[in-house]
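What follows is one structure encoded as structure tokens, with my remarks underneath.
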Amino acid sequence: MDRGWGFLIGLLGAVWLLSSGHGEQQPPETAAQRCFCQVSGYLDDCTCDVETIDRFNNYRLFPRLQKLLESDYFRYYKVNLKRPCPFWNDISQCGRRDCAVKPCQSDEVPDGIKSASYKYSEEANNLIEECEQAERLGAVDESLSEETQKAVLQWTKHDDSSDNFCEADDIQSPDAEYVDLLLNPERYTGYKGPDAWKIWNVIYEENCFKPQTIKRPLNPLASGQGKSEENTFYSWLEGLCVEKRAFYRLISGLHASINVHLSARYLLQDTWLEKKWGHNITEFQQRFDGILTEGEGPRRLKNLYFLYLIELRALSKVLPFFERPDFQLFTGNKIQDEENKMLLLEILHEIKSFPLHFDENSFFAGDKKEAHKLKEDFRLHFRNISRIMDCVGCFKCRLWGKLQTQGLGTALKILFSEKLIANMPESGPSYEFHLTRQEIVSLFNAFGRISTSVKELENFRNLLQSIH
């Protein structure tokens with residue numbers, strides 16, 4: 001009897017504690033937890049964790065990288081924004097002023113950038129200029145020296161090689177113009193809706209190795225999707241080989257990074273006095289909140305970190321190309337050029353010291369014939385995506401889309417050119433492995449965008465901490 005009374009009194013006491021607020025209650029989940037609780041720990045297909053990337057990027061790399069990208073060599077990017085879309089004709093051009101790009105006047109670009117991509121020794125550079133001129137004329141003829149004829153053939157072989165992952169702009173075209181990236185920053189322009197969805201839909205549906213029968217989660221151009229389609233999609237994705245799975249994650253990571261930029265530099269106020277740009281928490285939540293996106297948002301953010309690791313690895317491997325004594329980031333300002341090269345090498349050595357680099361040796365391994373075909377499919381799919389950027393209706397979005405796809409394409413080219421990089425000559429031009437100024441500028445600016453995204457995630461995490 002006493003035991004029964006004791007149990008009843010204890011039960012009533014517990015009910016009283018809970019009803020009076022003295023019992024332990026789970027605090028409501030914050031908005032930060034809904035976006036970031038799953039974005040932690042180790043990344044799929046990697047030996048690296050999110051927290052290590054955050055510390056390395058935000059405190060050791062980001063500040064120095066931003067300083068480098070503000071220099072003349074990296075801020076001026078030559079691009080043709082007038083190339084026609086090769087896939088469809090009904091492009092709806094964005095008429096908003098924030099979609100416009102202001103190109104540079106001729107006298108605003110340093111003469112050294114306009115005259116040469118970069119300089120080697122005087123003798124080697126004269127040979128390069130002679131080769132480039134002969135190539136533009138389509139001439140390998142007897143009037144050229146034997147050395148130049150040989151160099152032109154090597155140069156042509158490089159340009160036609162299967163290592164290029166992007167269809168680059170013809171920077172000799174009269175439509176190609178220099179753009180100051182600092183004066184045309186990537187930010188929210190108002191370009192959205194069906195036209196913007198169409199671009200990403202073509203990229204995902206036709207270029208990510210996905211059969212039509214598999215439905216992508218939260219596709220705004222598809223209807224009637226549910227949990228079963230989501231489960232089917234991820235079952236299909238996990239069943240892919242590591243290369244095709246990585247391809248999808250790279251594109252998803254790039255998409256996520258762009259969305260972070262748009263949310264972080266959103267037009268908050270537009271009056272005749274001023275425009276105010278800043279963090280739009282609601283926009284970020286709509287794109288990445290685990291509940292609002294039915295679990296997709298955190299996956300997208302993890303793919304952003306995967307993209308970061310891929311480009312970080314490429315930068316660590318291309319260090320020997322920039323370390324050669326003859327290489328210069330040439331703008332014509334000797335003191336500034338030397339300081340920028342020193343800063344560039346500091347950054348690349350810092351990157352090389354990163355302890356948990358992605359191991360790309362699992363890519364295109366196994367049977368050589370199958371691996372070669374897979375690599376070619378991988379390259380052609382990405383090359384196609386670079387062409388789709390000419391279909392973007394917002395010119396500022398097109399600018400940054402072209403730059404970031406070229407940057408990622410250059411990173412992939414580096415990753416799969418390990419032997420060519422190892423065999424480079426210590427001085428003079430390298431014909432087997434070569435990076436143009438366009439590739440260099442896009443490579444570092446594209447990584448700068450991803451580095452900025454990782455830094456902005458820390459800012460959004462802090463902003464969302466007190467929101468429920």
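Placed from the backbone N, Cα and C atoms, the Cβ positions cover glycine too.
Residues or ranges marked as signal peptide by TrEMBL: 1-23.
Per TrEMBL, disulfide bond is recorded for CYS94-CYS99 (among others). For CYS99 (disulfide bond), the number of other Cβ atoms no farther than 10 Å from its own Cβ, over all displayed protein chains, is 18.
Here TrEMBL flags ARG187, THR189, TRP200, SER252, HIS255, ARG287 as FAD binding site. Shown in sequence order, TRP200, ARG300 are the residues of the chain, 6+ apart in sequence, with a C-beta less than 8 angstroms from the C-beta of HIS255 (FAD binding site).
Positions annotated as disulfide bond by TrEMBL: CYS394-CYS397 (among others). Listed in sequence order, the residues of the same chain lying 6 or more apart from CYS394 (disulfide bond) and placing their CB within less than 8 Å of its CB are CYS94, ARG96, CYS99, THR189, TYR191, ALA196.
Annotation comment: TrEMBL describes CYS394 as active site, nucleophile.
Positions annotated as active site by TrEMBL: CYS397. For CYS397 (disulfide bond), the same-chain residues 6+ apart in sequence whose C-beta sits under 8 angstroms from its C-beta are CYS94, CYS99, THR189, TYR191, ALA196.
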Other C-beta atoms that fall within 10 angstroms of the C-beta of ARG187 (FAD binding site): 16
Most distant Cα pair in Å, residues ARG187, THR189, TRP200, SER252, HIS255, ARG287 binding FAD: 21
Residues near ARG287 (FAD binding site) in space but at least six apart in sequence (CB under 8 A): ALA256, ASN259, SER263, THR293, GLY297, ARG300
